[in-house]
Amino acid sequence: MTIGRPRRPQPDRRQLGQILLEMGAVQPGDLLKALALRNRQDVRLGDILLTNGWVTEADLMAALARQSHAAVIDLLAEPPDPRLIDTLGPELCLKEAMVPWRRIGGVTLIATARPEHFTRLAADLPPDYGPYRMALAPERDVHGALLARRQTALIRRAEVKVDPDRSCRTHNEKLAARLVLAVTAVSVAGLILAPVAVFAVLFLWAMVTLYATMGLKLVAWIAEMTAQRRARAGAAQRALRPAPMRRLPIISIMVPLYKERDIATRLVERLSRLNWPRELLDILLVVEQTDRTTREALSGATLPRWMRVVTVPAGPIQTKPRALNYALNFCRGSVIGVYDAEDMPEPEQLHIVARRFAESPPEVACLQGILDYYNPRTNWLARCFTIEYAAWFRAMLPGLARLGLVVPLGGTTLFFRRGPLEDLGGWDAHNVTEDADLGIRLARAGYRTELIPAVTHEEANCRAVPWVKQRSRWLKGYAMTWAVHMRDPARLWRDLGPKRFFGVQILILGALSQYLLAPLLWTCWLILFGIWHPISAIMSEGLENWLLFTFVLTEIINITVGAWAVRGKDHRHLIPWVPTLNLYFPLGALAGWKAIYEVITKPFYWDKTVHGVFDGVHHMSAPALRPDLATEMPPPGPPPRTPLAPLID
């Protein structure tokens, strides 16, 4: 496509660093350090200089203007024409840090914060723009101008990014209510008219799902345990230090916050421990517009330049995935990460992420880290929660990945290649278990998720009522995720294949069934103690022995996997507590029935988990940095702290 260009003066062909030196805007030594860093990093020279405080924003913009021979526009004082924005779309403008400003004298002026990318972008400009000319503006001003004009369009798009047939926003509440009421009515009538038959059917399904879930757990654990043994056996043959990466990527990390009065300051401290070059670190604290609590807490905090606040406009729903979709527009990195408010990641975590992505094929689109807890000694509930999570993240999920099955993602310590994430539409804004849903959508699109040995510590939910609320939200999301993907079972079968299809059924439908039917299975202990039960009439001595064998085998598997998962030095003190999980799981049954009730009454309600009850900072020291993962060229001293975001990408 050829577009006419007006005559204009030729740009200054000198390098940006040379111009800054001639202006006296940067010290020669600082420029040399910045150039050395740029050779190893996928980042612009201006970002390095700004992040480390080696140049001012005003001087950098002046040098860029001289280099490109373009004017600097004040987009906030003179806002852009919204009709020109709509032609490109606000999402594309945010991603490329550019905004079509105005048409003056038949020429369309396009402001950009990344002049080096303008030639590439200009090739795809709409023909309606006619002749165009580049102008400059700081990235913060580009964002501000776009939000002032098209914030509503951005948030509405964030709510509907996922295709309708893959989203639970098309959930029919009335139909779901009628279905549940019908099943309930039939069950009650059956219990009255034929109690033995109803109990037998429910009991049979409970036992089938029990065997399926326990079998999958056992196979996944064996797969992971075997893989770890092989890895240890071959460790001596591998180099102690991997080859250095050619170029380190920019990593954007989104941290959704909601009503976090007491955690904001600690969060900044924890994330500051990440050992990653600051010019390559882009942390977005995602806050709801209606959340005065967190906004006031952050307003009193001093944020480093590589950390910024993104405010999510109010809307008809208020969920974590909606906030993530909106904030994704403002991310600068090619790798996108997600942490929770209470997270304390180990310092070397981002090096593990970057190296694994660099060494993995493109179909590995997601990396899931290990979640652990920094307060396992708080009380019995915290101990059980820690054991359960250890079994899930150190045995079950790695085993599923090694078996080639679908990995239901955790909600934090997640890292994505940006391209596949955007191609899939990000997160389903209406799904309260958006992580598990995204894991299935990744698998259906042909992508893989891998587990990485990167640990994030967070706060274990150590109070019963908040625990039930949190677990009910997860189970509600599981139920809605299963319903969405089973709208077309044949298509799901084709997308996943038989093995992964049945894996999803066991993981989601099997887990839901076990939570909901657990009380029914508990009543079977009556039979073992000789007390009458509705199915006693069909229960022979052989069936009683089989029932006893099943329950004992289940306990052996649970105890074995749980003890293996906490065998490490940090949690081996929990091994004696593993058998007490029998007293912990009844809470899950309460959560399961609460989840079913909310599927009918408030399917998109996000039952907030309160954080900051236990302060892990004062009870757990930051882990030491592994020397084999350290940056070969560590960043210079700490950058100046400022409440402003980076202005140039």
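Using the three backbone atoms N, Cα and C, a Cβ is placed for every residue, glycine included.
Unlike curated records, TrEMBL annotations are generated automatically.
According to TrEMBL:
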| type | residues | note |
| --- | --- | --- |
| DOMAIN | 72-118 | domain 'Type II secretion system protein GspE N-terminal' |
| TRANSMEM | 175-196 | transmembrane segment |
| TRANSMEM | 202-223 | transmembrane segment |
| DOMAIN | 338-546 | domain 'Glycosyltransferase 2-like' |
| TRANSMEM | 501-534 | transmembrane segment |
| TRANSMEM | 546-566 | transmembrane segment |
| REGION | 628-649 | region 'Disordered' |
| COMPBIAS | 633-643 | compositional bias 'Pro residues' |
In this predicted model, the domain 'Glycosyltransferase 2-like' (338-546) has a mean pLDDT of 91
Spell out yes or no: are there three or more C-beta pairs under 8 angstroms between the transmembrane segment (546-566) and the transmembrane segment (202-223), with each pair 6 or more apart in sequence? yes
Same-chain residues at least 6 beyond the ends of the transmembrane segment (175-196) with a Cβ under 8 Å from one of its Cβ atoms are 534-535, 537-538, 596, 599-600, 603
Helix, strand and coil residue totals from DSSP for the domain 'Type II secretion system protein GspE N-terminal' (72-118) stand at 18 helix, 14 strand, 15 coil
